[in-house]
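Novice: Here's a structure for you.
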Amino acid sequence: MAKQKFERTKPHVNIGTIGHIDHGKTTLTAAITKVLHDAHPDLNPFTPFDQIDKAPEEKARGITISIAHVEYQTDARHYAHVDCPGHADYIKNMITGAAQMDGAILVVSATDGPMPQTKEHVLLARQVGVPYIVVALNKADMVDDEEILELVELEVRELLNTYEFPGDDVPVIRVSALKALEGDKEWGEKLLELMAAVDASIPEPERDIDRPFLMPIEDVFTITGRGTVVTGRIERGIVKVNETVEIVGIKPETTTTTVTGVEMFRKLLDEGQAGDNVGLLLRGIKREDVERGQVIVKPKSITPHTVFEARVYILNKDEGGRHTPFFKNYRPQFYFRTTDVTGVVTLPEGTEMVMPGDNTEMTVELIQPIAMEEGLRFAIREGGRTVGAGQVLKVIK
């Protein structure tokens, strides 16, 4: 089958289905592809349920996660949609950011209302930066009583408010994924209504290229007669020749320098941008002034820190993680971007220990500063082996 050309003309948005087990996330994902296929057959292939359900495994920060990816288009947009088969896969995906979501469809069964995993997913969405939610009140064909539907809707809105989402304004669309998947026309219309709500309520993300310049340093070389070159992949923003940049992290002080050259594939460029693997020639910098693990950034856009609060997922032993719990003052390595830094863990009040397979909050104090901001992701390692993954929730100092 010929690969279809990726159309750059439409805005691209990443979304996913979240919610309690058996509330119909995967059925809804399949039904969306069916209804959009019927509405725009030239744009959308239909992806059947069983194809989404046997999601392939992928690795993110050393953690194996099952994630199904489907794509589809509405009139307005191109979507990449992720769906995970298991509850643990969701937690791992949301914490590691394996598949980043610009927004989510929260699936709640009208017959059950919000359940424990509904709450856990909403809390995680709030913490790990899934900024927007649209609600699909699923299995609405199985509830005849209008009052019950209204009560469930109210409960979902209250839950969203509890976790600081705008629960009163979030669109709640009553759907029946199964009926729509079976080809029922009226329920198919409701799914088009759901996607119209997603189009309208989940804004386009800010593109990486529009954010302040940042490049993690992977390697440092000296080129005789020209100076010091640092290489890496530009994470965000643009860097132009002759711009002033800062070198942040690892060392106690931040260094300012000028980029005198940008090279890619041995060619000189005027600028490098997000996604490019480049070498940057730095003025007046000695080989020993810079090292892997530091970042080159737009001045004043990010600062070095050592103490932070984080949300982490700890691998269980079947995933290659620890076999035993850890306690406060645990001292693993924290792998940020390109390097490991040792840190000391403090557990939240009332938590004595963390078991393999748990997800928890913790405070960490690193022995060296790292260029850090809220949302930054990291792996937790012991001697090069990944035992967990996390995300910075709050920078303390």
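A Cβ is built for glycine as well, from the same backbone N, Cα and C atoms used for every other residue.
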Novice: Of 19-26, 251-258, which span is tagged region 'G1' by Swiss-Prot?
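Specialist: Of the candidate stretches, Swiss-Prot labels 19-26 as region 'G1'.
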Novice: Among 62-66, 127-131, 162-166, indicate the range for which Swiss-Prot gives the feature region 'G2'.
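Specialist: Here Swiss-Prot associates region 'G2' with the stretch 62-66.
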Novice: Which three-state DSSP class does CYS84 (GTP binding site) fall into?
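Specialist: In the DSSP reduction, CYS84 (GTP binding site) maps to coil.
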Novice: Excluding the flanking five residues on each side, which residues at least 6 beyond the ends of the region 'G4' (138-141) place their CB within less than 8 Å of a CB in that stretch?
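Specialist: Counting only partners 6 or more residues beyond its ends, the region 'G4' (138-141) has Cβ contacts under 8 Å with 23-24, 27-28, 107-111, 149, 174-179, 187, 190.
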Novice: Within 10 Å of each Cβ, count the other Cβ atoms, then let me know which of the binding-site residues ASP22, ALA140 comes out lowest.
Specialist: ASP22
Novice: Within 10 Å of THR26 (Mg(2+) binding site) (Cα to Cα), which of the binding-site residues CYS84, HIS87, ALA140 do you find?
Specialist: CYS84
Novice: Which bits of the chain, at least 6 residues beyond where the region 'G3' (83-86) starts or stops, bring a Cβ under 8 A of a Cβ in it?
Specialist: 16-17, 25-26, 29, 52-55, 65-68, 70, 93
